[in-house]
Structures are given as C-alpha cells and as structure tokens.
Amino acid sequence: MSATTEIGSTDSDDAGNAGDPGMTVRMTVNGQSHARHIDPRRTLSDFLRKDCGTTGVHLGCEHGVCGACTVLLDGRTARSCCTLAAQADGADVTTVEGLADGPELNPLQEAFWKHHGLQCGFCTPGFLIVIQELLAENPDPTDEEIREGISGNICRCTGYQFIVDAVRDAAAILRGEQPSAASGSDH
C-alpha cells in the first residue's frame, strides 16, 4: 500500500497562498504517492530532496553535467537538477533509495560494495541509477558498452575500473550466472 503525502505549501515562498503562481504536482517516488503545491520553477532535485526526503539525489554541478542527480523518470534516466518538478507531474520516479526492496542491498549495490566501486560515495547514486537503466536494456554488456553507458557520470575517486568490474559482476548475477573469476575478485 502506498500513502499519499498531504498537499500543502512546502516552499519558503508564498506558493500555496491565494494569488500565488504555484501549482500542484503529483508523482510516485519509490512507490509512494506525493502531491505538493509548489513554485513552478522548483527543480525535481529540490522536490525530491526537500519534499520527499530522498537525499540520495545529490547535487554536484547543478548543470546536468556530472550525473550525481540522476533519477529514473518513468523508467528512463533524467538529470533531476535541470528537470522541473512540473515536468515530472504524473510520473513514476525512482531514486537510489528505491533500488532495493527492503533493507538488503540489491545486486548492483552489493557489487559496488564488493568491488570498491565507490570511495567518497557522492557520485554513487547517479551511477547506480544509470547502470540500472543500462542493465535493463542490455543484460550482458561488454566492458566498452559499460564504459559508454557510464560516460555521462563523473567520479573523481575510483578511476572507473572498479565500477566496470562491479557492473560486470552485477550483470552476471542478474542473469542468474556466477560472476567470472576476474570480476569476482576483490581489489
């Protein structure tokens, strides 16, 4: 069962008061319905972080370049820092918090942990979302396809090889196979 959050002004401005230019947006975020009266200029990232409490949506560049804010919007990746919340009205949004069912890590998150595919962790939510889409479209990607798939996300810590190893491992597990010896080794 999903609960719907209450409509009300959550911005510090006058959205929600008589005569304001605000609007109501409704969307499902990680399986939970949300409805809020907002300023039409509010970004999806601000809506998700401040109104929905999904703080795994990170803001790096705020220009759609780094990929830290990436979410799934109706199953497709979107940069939430340069998407308006109004553009997601009626949509199904998945953030990193919605990838796992319950408290256990999903196979992709587990592979990132196992292969040290993160260090500071700031970029990790965006990578996980992008890779989720990649593996949904291509369950057996080559290393080159993995690198192409993650090319829009920036990591300053890992050097990317550990991320590629993690994706290869997760892809095998999701296909019901055992990871290869090369991808199954810890670094």
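Using N, Cα and C of the backbone, Cβ positions are placed for all residues, glycine too.
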* To do: Can you dig out which of the ranges 1-25, 101-125 TrEMBL describes as region 'Disordered'?
  => 1-25
* Segment-level pLDDT (mean, integer) for the domain '2Fe-2S ferredoxin-type' (23-99) -> 98
